[in-house]
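Over in Swiss-Prot, the protein carries these features:
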TRANSMEM  44-64  transmembrane segment
TRANSMEM  93-113  transmembrane segment
TRANSMEM  116-136  transmembrane segment
TRANSMEM  143-163  transmembrane segment
TRANSMEM  178-198  transmembrane segment
TRANSMEM  221-241  transmembrane segment
TRANSMEM  243-263  transmembrane segment
TRANSMEM  288-308  transmembrane segment
Amino acid sequence: MNMLEETLETIKAYVALTKPRVIELLLVATIPAMLQAERGENNIGLILLTLLGGWMGAAAANTFNMVADSDIDQKMGRTRARPLVRNKVSNRHASVFAWTLTVVSFLWLWVLCRSVLAGLFILLTIFFYIFVYTKYLKRKTHLNIVWGGAAGCMPVVVGWAVITDNLPAGTPAQWWQAIVLFMVIFFWTPPHTWALAMKYKDDYARAGVPMLPVVRTPVEVTRQIVWYTVATVLTTFLLIPAASWIHAIIAVVSGVWFLVMAVRLHNGIKNGGEVKPLKLFILSNNYLAVYFVGLSIDAVLGWETIGGHLGWTTTFF
């Protein structure tokens, strides 16, 4: 292998440390939050700057996670090809990389995006993801992904903070909408993750990670998936007064679609049929993407909100 090939392999290893596919999903959540926060204004430059700062923060968290989980990754077939397991990058170099991304992400959001609050949210997210979720919850409780999933909800809060810190003085921040979007992802994370964990249950058991499918029956797991799916869909409805009919239609149609598939998985398990949990995992990704794209379109168009049409106070809607 020549020097160029070695350099490319090293770059690929560092990129893999950041879990780029996971980051894509996180960034998908940031865009609609920012568009909704500045409804109709569409400050594309600020959004792009925030996405880059958020990408660095998420990349730092994922890299720290790989360092902390390297012992587990060695035991799981799904993760044995990761860079640290294969010694493509040393733990020390990965840690330096993660710390560098952390500092740059914080300064980026503070200075270039003019939001120290967003920078602090990034630091809080990284701390929570590593020290609360990765080092404790993931290894100690079957509710690991329920509470640990809060870290994955933070991109909407980061994006909202950037917009509100750049709004004209006196403009209502409407943080309740950010909280709703936070809770949408919070409730969505368990069914999304448990569907994948059902597929790789033996892997998690071998690594000693008490994911719900490892410690509960498939019927109980899918029952919980249905309940969290219901909570996800109902939470999206809370935002209906703050958006137009476009969001309302997409929230209802995509929500029913997601719920029907979750119920179908549960009934298939309960009736002893052949089921494919990975289908729900993929569909859950598609559901969230469809919902957030719909919300983004609604916010970009900036049409009158349903709450405004009903004459409710503009302070909230």
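From the backbone N, Cα and C atoms, a Cβ is placed for every residue, glycine too.
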Item to check | Distal contacts, the transmembrane segment (93-113) - CB-CB under 8 A, six or more residues away | outcome: 14, 17, 46, 49-50, 52-54, 56-57, 59-61, 63-64, 66-67, 83-84, 119-120, 122-123, 126, 158, 162, 165-166
Checklist entry - Same chain, outside the transmembrane segment (143-163) by at least 6, Cβ under 8 Å from its Cβ: which residues? => result 26-27, 29-34, 37-38, 43, 46-47, 50, 54, 57-58, 61, 109, 113-115, 117-118, 121-122, 124-125, 128-129, 132-134, 137, 173, 175, 177-178, 181-183, 185-186, 189-190, 193-194, 197, 209-212
Checklist outcome for this item: In the same chain, residues at least 6 away from the ends of the transmembrane segment (178-198) whose Cβ sits under 8 Å of its Cβ atoms read 29, 32-33, 36-37, 145-146, 149-150, 152-154, 156-157, 160, 204, 211-214, 218, 221, 224-226, 228-229, 231-232, 235-236, 238-239, 262, 265, 277-278, 280-281, 284-285, 287-288, 291
